[in-house]
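Database features, via Swiss-Prot:
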type	residues	note
BINDING	30-33, Lys51, 87-91, Gly415, 479-481, Asp495	ATP binding site
Amino acid sequence: MSAKDVKFHDSARSRIVKGVNVLADAVKVTLGPKGRNVLIERSFGAPTITKDGVSVAKEIELKDRFENMGAQVVKQVASKTADVAGDGTTTATVLAQSIVQEGMKHVAAGMNPMDLKRGIDKAVAAVLDELHRLSKPIKTSREIAQVGAISANADEAIGKIIADAMDKVGKEGVITVEDGKSLENELEVVEGMQFDRGYLSPYFINDPDKQVAHLDDPLILLHDKKISSIRDLLPVLEAAAKAGKPLLIIAEDVEGEALTTLVVNSMRGVLKVAAVKAPGFGDRRKALLEDIAILTGATVISEETGKQLEKATLEELGRAKRVEVQKENTIIIDGAGDQTRIDARVKAIRAQIEEATSDYDREKLQERVAKLAGGVAVIKVGAATEVEMKEKKDRVDDALHATRAAVEEGIVPGGGVALLRARSAISSLTGANADQDAGIRIVLRALEAPLRVIAANAGDEPSVVVAKVLSGKGNYGYNAATGEYGDLVETGVVDPTKVTRTALQNAASIAGLILTTDATVAEAPKEEKAVPAPAPELEY
């Protein structure tokens, strides 16, 4: 086991804070409509230009091991916020930096870190309640477009295309982002269904760049039991090979020799095949398999209906134009099912929704309707160069996640104003002691940080902007894109409540952990042994 380097107290915390600041300072230049670009070197090919906070955070690794710990911890804030809300990564990083910096001053002054953390947690809980109170639901296509545009760094074209996609496939429909072939963004809508089960083996992948298995015009086998014997599968495999078509197997599970044989055939190119687990559990799995069967024109091979896998015929297999199997999702596009049967199935599920008593059942039934009736919208991102295409795709992904979050939990005024208004919930809040009061004041100051950074990136004086916004009420705030003050909701400067909430929660959580850290352990640098100089050559 290699030797470790251990640091305690202030010497440990100061190095962590240095790492936090390096990462946060690199990320926060991207915040707001006037945010700057960050140029990232690649080990091969052209450098990447981005205004996406999480993309910048992911690239940062520091040479000093102790500083790197601080940077990596804050990187978690950005990636966790991106995973949950899809946006707000830069805001979360700015909030975390502010709480850590202010908190460290109090810790250095001798305050109890645990009480500071209790004060911070108490203040954050009150602010989250206030954000929910300020939130308003999102209804119109125009509001969806506004949220998308803000999240895509004030790109209205991206906001509009996302709103159009949601109009076409519904708010619950599946929307994917692909590389376009022209300079303009394009929207393509195809019938399809997505469920949350991915490939059973990574060896089924045939597109290594995207880490997915693409099957064009495949046959689809649906089975409600485990498949472990290859003998049971042989008739279907032979039928698919004769037809010269790829095969998608959806079953309770595929294991043992059956899975091994499928992997070997796939790798050798004998048969393009992918196997996935059936979605859901119990009765819900049966219902979802039946949905897929109706969508693709298949018959579920089930003992309940007297069907046996070893006697399955080509007519009992479903068909689709294309199937995309990802690590955790499968998308069936343009199934060959009969439209009248699909409509009847949707009608039957809608009747079940009316009779459903629990919210959970109702939600799951609505998901099934969306998958059967909604389809898949594909946004094709257009750009002049590959570098621009990658940067634009990142922004479209962000905007798409943000609009979904807005539909889910509503919107609040953007531009850091919602957090500033939420200060009213904690301005008179007190803790159990002076140290907890200090924790509350730390959050009070941190809530100004996003607006200060937005103003600084736009070239304005942060203190003047904060004072002017605080002099107004409600949605009154600073529009950094135009440099004007006014009602931000009316002018379309809005943030999804979920994004703002998640950013603050994650920032406070990680900052609290850093403040209560008293020792750091890292691998000690290895001492390089000096290479002896070569002996001089003798002259003859």
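The backbone N, Cα and C atoms fix where each Cβ goes, and this holds for glycine too.
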Exercise for the section: Would you mind checking how many other C-beta atoms are within 10 angstroms of the C-beta on Lys51 (ATP binding site)? Expected result: 22
Completion exercise
Within 10 Å, the Cβ with the most other Cβ atoms among the binding-site residues Thr30, Thr90 is that of Thr90
Problem - Collapsed DSSP category at Thr90 (ATP binding site) - result: helix
Exercise for the section: Select one residue from Gly32, Gly88, Gly415: among these binding-site residues, choose the one with the most other Cβ atoms within 10 Å of its Cβ. Expected result: Gly88
Handout entry: For Asp495 (ATP binding site), nearby residues of its own chain (Cβ under 8 Å, 6 or more apart in sequence)
Key = Gly88, Val147, Ile150, Ala402, Ile411, Val412, Pro413, Gly414, Gly415, Ala418
Problem - Intrachain C-beta neighbours of Ala480 (ATP binding site), sequence separation six or more, cut-off 8 angstroms - result: Gly32, Pro33, Lys34, Gly415, Ile454, Ala455, Asn457, Ala458, Asp460
